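Notes for the one structure printed next.
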């Protein structure tokens, strides 16, 4: 019976092979390690037992090529254990391999008398080994891969109809670690024929993506792993971003990242980089493709990165490679002169040929010549040009302060961006003129010869340029306090004058000007002198001892009076305060820079030109929008000014469709910022006004606004770090105060923080009008600003001073120490105003040092003259930083007993009837037993509790102690108010 079965299986196998064998093409992602059909001659695999088990059979395919197969069909006997082992298979670096088995299997039901012994499955095993010296099959060494079952089995009918049912099964094996392995097939009683066995591993084949080549890569050790592979740029290309891809377990490349770019002089073609053709160029690797040489240039070789200019044509250093080559301009045309005494006006027409460039400008050369017009020399610095001498964009200029009756030659040169590269070309036109008689120049000095009680005798030198015969001098004088509203004139033919009829001990301002036949010159600058108090000449040589003694005695008395007044004023406040009236008088010390309000300029654009640097828009690269401001978008980007390194900047843009007023208001902030130069004031890089959009360029602050930054980093900084931030803000505000600038909107949201935690004051563009609505804030063009940062006198009377900025600084201190908490929490603006008016102030934030909260309270003094100056604030913060121990003491106690503290966690006294009510309202019910056990059964006892008491009754958490004590303080304050014992500040 067994022989019959073997014969049936063999005949069926022969017919099958004729249909399925032949040359096969495998996917590129599969690398074959073993293919039984490609072996020439016998396979020679080891079988166990050697006889009566697996049998090697050779059959012919349709091309009469022998194919070696193995078959077994011991279905008549039970307990079969027939093993077949392949030769040693090297794994070739693969960590996971795949076994493809093609086989046929006889249906047990089609064989009579084998129901108890016939099987329809077989087992697949593997064994790893570093060599091929295994001669025997040691079953215990092998690891089972799987039990293989047929999807289809054949019967006797199929054999008769020559229908053979071939099964294909694939199993993966791994991870593998040794040099190679064996496969083994275990038959347990099936009628089976192994038609072919193929072992392979998968790889991601060599490929080129985004100009990067990725090599053949073997897949990972498991079916879900991804192998990261770094690509290498193809020839003549460079990395833009590191090229990477992932090799999937199925041999497919996934997720391409990064790319390469063809080098300058090369462009992409069919997955590679080819050189630019003759007549074409590519300047940068980031350019997409080669471009044809621009006009007046050529490229004679392949792979050019730029084109050479034709003879006589040039390219400026700042010109892009895509710009046509250009020439210097021809000379200006039609130069016309107009002489007006010692001034000359010149006008001309543009050059006939601009050289092909739009950047034509004009330089003016002035020469003073002798009578024969042969000996000429430069005019010197005394001559003035309007609008300027060099870099003129207009075709007219005025030359002033020339000498009278003098010959001058003026040359007008036309230049453009390539003029320096061809200095030999004549680009100028000239004209010679003779000036007329002119008025004299300004008197530069006035000196007092004698000063008495009612008169001043003056003398002065002749003007530097008389420009003719001086006919007379005119002296204008007035009292200092009159500011030229009422003045008198005295005329004299000499260089001196006696001014009489003056008031004693009064300051007078004097101006002098000279007159010739051509008219009056300009008045001199102001010179101030004060009359005496006693009828005597100036103290000097020849003064009597008596007069000298009286003068000295009077001076001593005056000094004593001033010292006494100073001491009295010092006693009024520990901060050396002086009563600040509604209109504060600004004392401008010599050498101290003072803020100039740009809105006082008749032409606001003049303020922008004076205080802000104009930047070429081509130097700016906008990268992304980071916010929306009052006038348009706020962006981040880069600024690269020629000759300087590239820096990150913030860019404010003016939205399209703006009005003249909006443009003026937008640029006013730049006019203000441009006057400031301090490490704690936001730095203005410049403006763009000559093209759209109009932009303000400032330094870039990486960490954004201080309030948001603190909220994002709640609790991460030490007290010293927070005080350092406050010190920086205070230093910036001291600088502004010293310049007589009042900020008006100092708040944490208007402080910017850079990557080094340096805080800088910003937002100088606000104009505010206080509305009558108590719930309103200062109305601006972009919205409303909450009044909870604003001093009470500024709210009530619009009194904005440095002292009101100090109040705002105190609120900023509170914001910093509370990590960006909203001042006064969710109270309405009307309630805030009312509470402040009644003497209430913000309590110390959690863990805030007492010294810092005391400084806050000093900043919040109702009388603005009692508040510290910014210089004193900075000095105090410096002392705290130098003495860190002074910052360790925290608590809720307060030396100002008449200042009630606000606390949102304190329940209303009227709503609390017992200790339990208070604990529930304050969310501290967990400590009910602690208070009860310690004997705190009434609210009258609770309001006297302190930190030691809380520790004693078992409440040890510092944060819980602070919050409970804060609530107790609020309860105590409300109780005092109800009993009439508290007097608001």
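Cβ atoms here come from the backbone N, Cα and C positions, even for glycine.
What Swiss-Prot annotates here:
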type     : residues                                         : note
ACT_SITE : 745                                              : active site, proton acceptor
BINDING  : 626, 627, 628, 629, 630, 631, 632, 633, 634, 652 : ATP binding site
DOMAIN   : 30-209                                           : domain 'Eph LBD'
DOMAIN   : 328-438                                          : domain 'Fibronectin type-III 1'
DOMAIN   : 439-536                                          : domain 'Fibronectin type-III 2'
DOMAIN   : 620-881                                          : domain 'Protein kinase'
DOMAIN   : 910-974                                          : domain 'SAM'
CARBOHYD : 340                                              : N-linked glycosylation site
CARBOHYD : 407                                              : N-linked glycosylation site
MOD_RES  : 595                                              : phosphotyrosine
MOD_RES  : 601                                              : phosphotyrosine
MOD_RES  : 778                                              : phosphotyrosine
MOD_RES  : 927                                              : phosphotyrosine
SIGNAL   : 1-20                                             : signal peptide
TOPO_DOM : 570-985                                          : topological domain 'Cytoplasmic'
TRANSMEM : 548-569                                          : transmembrane segment
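Here the features listed in Swiss-Prot are painted onto the structure.
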{"residue": "340", "record": "N-linked glycosylation site", "Cβ contacts under 8 Å, 6 or more apart": "436"}
{"residue": "407", "record": "N-linked glycosylation site", "Cβ contacts under 8 Å, 6 or more apart": "368, 369, 370, 371, 373, 432, 433, 434"}
{"residue": "595", "record": "phosphotyrosine", "Cβ contacts under 8 Å, 6 or more apart": "672, 675, 736, 739, 740, 741"}
{"residue": "601", "record": "phosphotyrosine", "Cβ contacts under 8 Å, 6 or more apart": "607"}
{"residue": "628", "record": "ATP binding site", "Cβ contacts under 8 Å, 6 or more apart": "634"}
{"residue": "632", "record": "ATP binding site", "Cβ contacts under 8 Å, 6 or more apart": "652, 653, 654, 655, 693"}
{"residue": "927", "record": "phosphotyrosine", "Cβ contacts under 8 Å, 6 or more apart": "919, 953, 955, 964"}
The mean pLDDT across the domain 'Fibronectin type-III 1' (328-438) is 88
Note on ATP: the CB centroid of 626, 627, 628, 629, 630, 631, 632, 633, 634, 652 has further same-chain residues inside 8 Å, namely 635, 653
Widest Cα pair spacing in Å over the listed ATP contacts 626, 627, 628, 629, 630, 631, 632, 633, 634, 652 is 14
Here the binding-site residues are 626, 634; the one whose Cβ sees the most other Cβ atoms within 10 Å is 634
Taking only the CA atoms, the spacing between residue 630 (ATP binding site) and residue 745 (active site, proton acceptor), expressed in whole angstrom, is 15
Looking at the recorded positions 630, 745, the one with the fewest other Cβ atoms inside 10 Å is 630
Cα of residue 745 (active site, proton acceptor) to Cα of residue 626 (ATP binding site), in Å and rounded, measures 22
Under a three-state DSSP reduction, the secondary structure at residue 626 (ATP binding site) is strand
What DSSP gives for residue 927 (phosphotyrosine), in three states, is helix
Across the domain 'Fibronectin type-III 2' (439-536), DSSP yields 3 helix, 42 strand, 53 coil
The correct DSSP tally for the domain 'Fibronectin type-III 1' (328-438) reads 3 helix, 52 strand, 56 coil
What DSSP reports for the domain 'SAM' (910-974) is 45 helix, 0 strand, 20 coil
